[in-house]
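Remarks on the structure that follows.
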Amino acid sequence: MQNMVILGATGSIGASTLSVISANPFAYSVYGLVANASVDKMLALCVAHKPKVAHMVDEAAAKQLRAVLPATLNIQVTTGMNDLLGLVTAAEVDTVMAAIVGAAGLVPTLEAVKAGKRVLLANKEALVMSGELFIEATKRSGAVLLPVDSEHNAIFQCLPQEVQANLGRCDLAASGISHILLTGSGGPFLRSDLATLAAMTPAQACKHPNWSMGPKISVDSATMMNKGLEFIEARWLFNTQAEQLKVVIHPQSVIHSMVQYRDGSVIAQMGNPDMRTPIAHCMAYPQRIHSGVEPLDFFKVGQLSFYEPDFERFPCLALAMDACAQGQEATTVLNAANEIAVEAFLQGQIGFTQIAKVNEACLVTVPKCPMGSIEDILALDAQTRVYARETLASIA
């Protein structure tokens, strides 16, 4: 029986994880649930899954949860960073699902790694912001790191065992690998006239054609910043050089990514677009369990198509690839700027195409200095957010 903590329990990844746990009740136990401020959702999860600990990042939300949670459930409600770090490093915890969206997930995810936990990584920002530190911490602690993002999980499944066992430190060329092909659907605006993009609304941006996701990642998919962040994450997970990574637009989201080998072979991972598949794979690896996902019906798939990315349509993707080439400081700046810009777009403060303008302004302007610690990373993140908000004020 694996005891699990779910960071981001009330989000879409959290819901999918709990669905897989419910399908395999004799193999997994919910030890802790972590959310920001959604009291009603957390209350329902506590009643359904009966964790030992329910942690609310928001202190007022924790107080509200304590007031409404039935005492008979005997669930400890905690708040504050110290309690959160204590939860993810607790001796009773085997596995941590790292699914808090954005930079907020970095510190608890890194602490789980340092504690040697089995970490299921759905928070791509952890590697985008702290790739080298994160990989080094994994190496020192012996933590097991497994990628949950559908694309990185697909790549992982297509790799030989010696690469799977050495994430972040592997040698792709030595294993006969020539390229990693990172697929992306192109989002809801793949076929939209370029002249119409500036007027696109948050509701339109969040209407992904294939995947059901939260608002932030949905907007990132519409700008293809999500693919850019995944490009950076893949660089650290698979120890790649830029020339070993290619982005491929694949609108049907049936092939989740591919690995191309020196001999001309290409291995692809396919399946219906449902996050329960990569989640179940990571939870059970190297075994396989029931995920609740319907198997792919090849007779209904129809045509599969592939295109090169259009960087005029997706400037955020180009910015992310450029930042990856510049290094860790640039990717940290880009991530922070994008979080502020997307939040502003969702609140109606800026237009869709202005997201890229905010990101580019921060990349060009925010001074970058060497980062040797988590404190350095968080300081640069905070500095960038200040500048991004100033940039918003000038264009809003």
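Glycine too: its Cβ is placed from the backbone N, Cα and C atoms.
Over all protein chains present, the Cβ of Gly214 (NADPH binding site) has 17 other Cβ atoms lying within 10 Å. The NADPH binding site annotation in Swiss-Prot covers Thr10, Gly11, Ser12, Ile13, Asn123, Glu125, Gly214 and rests on sequence analysis.
Swiss-Prot lists Lys124, Ser150, Glu151, Ser185, His208, Ser221, Asn226, Lys227, Glu230 with the feature 1-deoxy-D-xylulose 5-phosphate binding site. Sequence-distant contacts of Lys124 (1-deoxy-D-xylulose 5-phosphate binding site), defined as residues of its own chain at least six apart whose C-beta falls under 8 angstroms from its C-beta, comprise Asp149, Leu229, Glu230, Ile232, Glu233.
Annotation comment: Swiss-Prot describes Asp149, Glu151, Glu230 as Mn(2+) binding site. The secondary structure of Asp149 (Mn(2+) binding site), as reduced to three states from DSSP, is coil rather than helix or strand.
Ser12 (NADPH binding site) counts 19 other C-beta atoms within 10 Å of its own C-beta, drawing on all protein chains shown. The secondary structure of Asn226 (1-deoxy-D-xylulose 5-phosphate binding site), as reduced to three states from DSSP, is helical.
Gly214 (NADPH binding site) and Glu151 (1-deoxy-D-xylulose 5-phosphate binding site) have their C-alpha atoms 17 Å apart, to the nearest angstrom. For Ile13 (NADPH binding site), the same-chain residues lying six or more positions away in sequence with a CB closer than 8 A to its CB are Met97, Ala99, Ala122, Val148, Met275, Ile279.
All protein chains shown were included, and the count of other CB atoms within 10 Å of the CB of His208 (1-deoxy-D-xylulose 5-phosphate binding site) stands at 18.
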